[in-house]
Amino acid sequence: MNGEHSMATPGESCAGLRVWNQTEQEPVAYHLLNLCFLRAAGSWVPPMYLWVLGPIYLLYIHRHGCCYLRMSRLFKIKMVLGFALILLYTFNAAVPLWRIHRGMPQAPELLIHPTVWLTTMSFATFLIHMERKKGVRASGLLFGYWLLCCLVPAIDTVQQASAGSFRQEPLHHLATYLCLSLVVAELVLSCLVDQPPFFSEDSKPLNPCPEAEASFPSKAMFWWASGLLWKGYRKLLGPKDLWSLERENSSEELVSQLEREWRRNFSELPGHKGHSGMGTPETEAFLQPERSQRGPLLRAIWRVFRSTFLLGTLSLVISDAFRFAVPKLLSLFLEFMGDLESSAWTGWLLAVLMFLSACLQTLFEQQYMYRVKVLQMRLRTAITGLVYRKVLVLSSGSRKSSAAGDVVNLVSVDVQRLVESILHLNGLWLLFLWIIVCFVYLWQLLGPSALTAVAVFLSLLPLNFFITKKRSFHQEEQMRQKASRARLTSSMLRTVRTIKSHGWECAFLERLLHIRGQELGALKTSAFLFSVSLVSFQVSTFLVALVVFAVHTLVAEDNAMDAEKAFVTLTVLSILNKAQAFLPFSVHCLVQARVSFDRLAAFLCLEEVDPNGMVLSPSRCSSKDRISIHNGTFAWSQESPPCLHGINLTVPQGCLLAVVGPVGAGKSSLLSALLGELLKVEGSVSIEGSVAYVPQEAWVQNTSVVENVCFRQELDLPWLQEVLEACALGSDVASFPAGVHTPVGEQGMNLSGGQKQRLSLARAVYRRAAVYLMDDPLAALDAHVSQEVFKQVIGPSGLLQGTTRILVTHTLHVLPQADQILVLANGTIAEMGSYQDLLHRNGALVGLLDGARQPAGEGEGEAHAAATSDDLGGFSGGGTPTRRPERPRPSDAAPVKGSTSEAQMEPSLDDVEVTGLTAGEDSVQYGRVKSATYLSYLRAVGTPLCTYTLFLFLCQQVASFCQGYWLSLWADDPVVDGKQMHSALRGSIFGLLGCLQAIGLFASMAAVFLGGARASCLLFRSLLWDVARSPIGFFERTPVGNLLNRFSKETDIVDVDIPDKMRTLLTYAFGLLEVGLAVSMATPLAIVAILPLMLLYAGFQSLYVATCCQLRRLESASYSSVCSHLAETFQGSQVVRAFQAQGPFTAQHDALMDENQRISFPRLVADRWLAANLELLGNGLVFVAATCAVLSKAHLSAGLAGFSVSAALQVTQTLQWVVRSWTDLENSMVAVERVQDYVHTPKEAPWRLPSSAAQPLWPCGGQIEFRDFGLRHRPELPMAVQGVSLKIHAGEKVGIVGRTGAGKSSLTWGLLRLQEATEGGIWIDGVPITDMGLHTLRSRITIIPQDPVLFPGSLRMNLDLLQENTDEGIWAALETVQLKAFVTSLPGQLQYECSGQGDDLSVGQKQLLCLARALLRKTQILILDEATASVDPGTEIQMQAALERWFAQCTVLLIAHRLRSVMNCARVLVMDEGQVAESGSPAQLLAQKGLFYRLAQESGLA
């Protein structure tokens, strides 16, 4: 045929736009498409693209553009080419005009098209210019435009060249070829990147992100990240290998934007009080707010991040448009395969279109995912920063309602859950759109039979929602049990010394395993429901297809089930199934996110510190006054009653004011009121000048000594040295391995209690403040150290002389040195004046002193006189004492966040020398997970269950393959009179295979989850047992945070993540085998292409897994630092505010978050790199399957072709998820490595021994004998105690004293076998303690430590952990310690729930409760290890009186700093350098005038 039948001549218009050129059966190259259609598409599509998107793009770069670019060579070439194109199209427009002028008739389009292109090219050239001015270095818009300009016109040009029309219109064709060449050149240039901006706003980072230097194709496919992935494959990645963070991703930028919007929205709330949020005083209100405060936060998030979210949503919508183009193209392709007379080029074209549609879907979907993941990263940073800034302004009442662990949980769980929900926001509306489009497709394919799909779908939807709701209930129950387990575990680890000292491990393990059992029960139920849900999702495609096919076969007139109807229906139903699956899941995730969002909003609305609570202004004070309180009434929160009433106080410049009073009088509250920490009900507070604060419980940071002291101030070495010497830290620091640069560990793990307190004091002194507020800083110090510190720092001649000082103290002998004394009682000022004035008044102060003078029992006269002298005599007895350096704790590693109280992680290792101190760091695994880890997990699952699971997966996948193959046979059945003969049989077998697949799928899913629960149970028990059986030295060396990670985060991964990743991997791996088998069986030729594709997949997988595993581990470690810093700041927020250090602390938090983002960003880019490239290769497999089907059309049925191509369409996601699942599983398997870290650590001696059971009443008398006893705390350290040989008689009361580092506490550790003897031994009632199990030994000895310890739970549980006493006995013990009235006043009385570790009680009250607990144990041996050091003299007298009555017949070992405490002991042991230097009664030792006498002199007792 002639070409004129298919081509329009240049002068004629196109009458129709039929796509297919049907004039010839086998057309030549230039007959492929109708020329008129190509002309219309080529003429209008590129201009429409640019004119629609161009103005929007101009507006965007106008708002978001940066500095202009240099006029580079690349820009000049682009502009020259642009002007050349303008000239050519001007010429093309001028030619028709010239011809019209000459009278030649011309078609309208010959003038319209060049004119449109002329204006469009002018606009494109203008965009090139504007991009340079706005700093755009690689344009995606123009890349797409030049690409469109090349594709369709190129086909048109090829057709014209093939038609041989060059000779007819040579000039026109030359212009066309030249234009095409210039457009191709522009396309090539648009793939290049221009030079950086001429003037950059920021200095160039050391390792900039290569995205800025990437071309548009590289950005689209994330090839710019390949360098980092290749580097991670070749070596271990370090911080220097990661890209620098862009400013738009920095914490400072993100948090400031969100905080500004949030505060603006919050201020618009009705009832807003200005400085403070809505009060939520109870922890329950924090966890489950009664009324939502989400509005301001939600609006703030939307205003800050809406542009990123909306751009991502646009990409998703475009991606879904191409998603739904694939079924239509598949329908056309199967129609082509079923028509034996159709032309081959139709199949080729459809294969190319399916490939392009799939590629465009991949491109836009990955761009959506990239934008959403970046949005998630930014939102996590912004909200975490907002929470951190809120922590810095929380009021004291708000802090009491939440613990550090709650805040960390808020950031690590709730924030994460919130940001993950962003991915599901579009699911609320877009999935419904999917469903509508799917039903439209089904109606077109099957007609009214598609209505049955609607019915089945609607019947399954409530089932899925019901399952999701039930599963959500059990998940919430699991979360509650997990939270309970986490709190109990945290308490156990932070109080492990107390637990081990009392032999309570079994009780706590039993309690913990009970909670764990309930948690696993909820987990199993949730997993069972999840299995049902997964099966319903997977089988819903089959159910809908079965019903639709059955109805269509029975009802429809044209009821033949051909390949197009069968496999296009299945393809559409697979999309519908995704919608059905993700819709309930999206709703569930959003519901969970709403709960988390409410918690976050409630926390952000908690009451803040009143900025007007304390005025730093001299206007309210006279010129000589520094502090003034006028008619002050203060409360801890809006709901609590006032704790201070009618306070009127004026403190002049340079005054030392001592504040005293009984326990609970309000002494610490007064300091908090001065700091503005309490809610000011009425009155005014004014302070002139800067303030420094020393808390009662020392708070130190996990940094070096010098950084703790300087506390974000400039280093002044002479002043630093002077401060350290005055605070009695000079000799200590000199003994440290790195001097002032020695890390102190988290919460000062590497320091003794006294060192931490003096470090806290040094921090305040270094400040050079005008006003000093000190909350009993001398309580934790030895007598001689206390004297030295008071004289050199606080006293009249100390470093702080001339400053205004308020000293809360229980050390009454310093009162004569104070300028003024304030006595508080019941929250009011009882009296105030000088020491002599108050003595003459004979008022409240005299009552306190008289109480301190009262002896606890009958003692020696000299001891009583000495006690009186100690209380009232001041420092009359001695000059400046000679001090030895107090030796730090023996830990090699620092722990992480924890309470500063608790002897637990703080052995008073006053006797241990430290050879090296380093901050503890958690172990980080490198490289691939070892096969032994997988084997250990599989052994925990069980070999039979593993084998059974694989068999079930194989069976259900075989059923799935047979189901698809059987459908292809059904589709190929011959049609006779519009009907197929065996439809009933085909349908029945199809349904049977589907049922078998459903059963196998449910069984396999359930087997995976049950196996995971079994493995999790065994691994947790193993971890718990390994940790509980570890000696105390293990806890001193291992940070608490590391252990908590094992019991919380790592255990959660083993519980949930590993079974889920294992299920996903097995599902997709077996599905991949099915796809490969289907494609290979239908078109064996495809194997030739599949093998290279699989090699490329393996290469991508290797690069990704090697890098991603490292990035995830680094990210986890960096995020732990963020959480640790957050917890540390929460615990010390009062100090931070007092020192006005919020700015530096915020900057440190931002730096830690930025470092975390430097790792998070490459990881999310690596995920997109993998997905984009694997989907691109998967799309190639679709193309291979389609082209092979076209090549094999002569002998390939339409049914098999549909089976092959429809399976190949699923392989894109399948192959990606195989790699992703394997990577996720390997990352999750790191948790198994970590929970097994402590399997091979040394363990304690057995808790129970058979020999112990034979002596149930041991010990009867309580005689203790040391025989040449010695111990060291670690093999590399010197002996802490050596050569101790002595006998303590039954019922004897022995005091143990000595300087710091003398070995006092080490004796008690040896007695309790917290440290095993290195030499010699200890006998109790003639029985070696090594013959007794540890629990038998420790349960027969009672110890009251210096720092009182309470546990989460009821007051009764704390008093009687083993439930061995009646309520009457407990009340009797409480009455003995004079706490019965206090406990009676509590809500619930004995069932009163203690907050945290008794944070809602004073130190004195907690110590008395610990004493009551000791009374209830009824043991023959009692150890008091500095038990009265932190309490006031009145409380100490109460304790001594109770001990005298209850333990009169028991052997008592009393370790004391205050020599007054041991003056009425029958015998005193004086320890020195690990040996017993002196032994005898107090009177005898004083008469000897030896070491005890010198200690008494330093304490003012001699």
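Glycine is treated like the rest: Cβ placed from N, Cα and C.
The ATP 1 binding site feature in Swiss-Prot is assigned to Gly661, Pro662, Val663, Gly664, Ala665, Gly666, Lys667, Ser668.
There are 26 other Cβ atoms within 10 Å of the Cβ belonging to Ala1302 (ATP 2 binding site). If you look up Swiss-Prot, you'll see Gly1298, Arg1299, Thr1300, Gly1301, Ala1302, Gly1303, Lys1304, Ser1305 marked as ATP 2 binding site.
Annotation source Swiss-Prot lists domain 'ABC transmembrane type-1 2' at 946-1227, citing sequence analysis.
What Swiss-Prot records for 1264-1498 is domain 'ABC transporter 2'.
The N-linked glycosylation site annotation in Swiss-Prot covers Asn21 and is backed by sequence analysis.
For Ser891 (among others), the entry in Swiss-Prot reads phosphoserine.
Its Cβ placed at the centre, Ser1285 (phosphoserine) has 12 other Cβ atoms within 10 Å. Ser1285 (phosphoserine) falls within a strand when secondary structure is assigned with DSSP. Residues annotated as phosphoserine in Swiss-Prot, with similarity to another entry given as evidence: Ser1285 (among others).
Among the features that Swiss-Prot reports, region 'Disordered' is placed at 854-909.
The annotation topological domain 'Extracellular' is assigned in Swiss-Prot to 5-37 (among others) on the grounds of similarity to another entry.
Look at Swiss-Prot and you will find 59-78 (among others) tagged as topological domain 'Cytoplasmic', backed by similarity to another entry. Within its own chain, the topological domain 'Cytoplasmic' (59-78) has Cβ neighbours under 8 Å at 128, 130-137, 186, 189, 192, 194-201, counting only residues six or more beyond its boundaries.
Annotation comment: Swiss-Prot describes 126-137 (among others) as topological domain 'Cytoplasmic'. For the topological domain 'Cytoplasmic' (126-137), the model's pLDDT averages out at 85.
Sequence annotations record features per position, and here Swiss-Prot assigns topological domain 'Extracellular' to 322-347 (among others) based on similarity to another entry. Within the same chain, residues 20, 25-27, 32, 353-354, 357-358, 360-361, 364, 437, 441, 445, 562-564, 567-568, 571-572, 575, 1186, 1189-1190, 1193, 1196, 1198, 1201-1202, 1205-1206, 1209 sit at least 6 positions outside the topological domain 'Extracellular' (322-347) and bring their C-beta atoms closer than 8 Å to a C-beta of that stretch.
What Swiss-Prot records for 369-424 (among others) is topological domain 'Cytoplasmic'.
Summarising the annotation, Swiss-Prot assigns topological domain 'Cytoplasmic' to 470-531 (among others) and lists similarity to another entry as the type of evidence.
Feature annotation from Swiss-Prot assigns topological domain 'Extracellular' to 553-574 (among others).
Annotation comment: Swiss-Prot describes 596-938 (among others) as topological domain 'Cytoplasmic'.
Separating the Cα atoms of Gly1303 (ATP 2 binding site) and Ser1285 (phosphoserine) is a whole-number distance of 14 Å. Cβ neighbours of Ala665 (ATP 1 binding site) (same chain, under 8 Å, six or more residues apart in sequence): Leu824, Ala825, Asn826, Gly827. Closest to Gly1298 (ATP 2 binding site) by Cα-Cα distance, out of the recorded positions Pro662, Val663, Gly666, Ser1285, is Ser1285. The DSSP secondary structure for Ser1305 (ATP 2 binding site) is helix. Nearest in space to Ser1305 (ATP 2 binding site), taking C-alpha to C-alpha distance over the recorded positions Pro662, Val663, Gly664, Lys667, Ser1285, is Ser1285.
For the binding-site residues Thr1300, Ser1305, the greatest number of Cβ atoms within 10 Å around a candidate Cβ is found at Ser1305. According to its DSSP assignment, Ser668 (ATP 1 binding site) is helical. Residues 54, 57-58, 61-62, 65-69, 71, 75, 78-79, 82, 193-197, 212-213 of the same chain, all 6+ positions outside the topological domain 'Cytoplasmic' (126-137), place their C-beta atoms under 8 angstroms from a C-beta of that stretch. In this structure, Pro662 is the one among the binding-site residues Gly661, Pro662 with the smallest number of other Cβ atoms inside 10 Å of its Cβ.
Cα of Ser668 (ATP 1 binding site) to Cα of Thr1300 (ATP 2 binding site): a span of 28 Å.
Broken down with DSSP, the topological domain 'Cytoplasmic' (1104-1174) shows 67 helix, 0 strand, 4 coil.
For the binding-site residues given as Gly664, Gly1303, the lowest number of other CB atoms within 10 Å of the residue's CB is seen at Gly664.
In sequence order, Val659, Val660, Gly661, Asp775, Asp776, Val808, Leu824 are the residues near Lys667 (ATP 1 binding site), counting only same-chain partners six or more apart with C-beta under 8 A. The Cβ neighbour count for Gly666 (ATP 1 binding site), using a 10 Å radius over every protein chain in view, is 23.
With respect to Ala1302 (ATP 2 binding site), the closest of these recorded positions in Cα terms is Ser1285, chosen from Val663, Gly664, Gly666, Ser1285.
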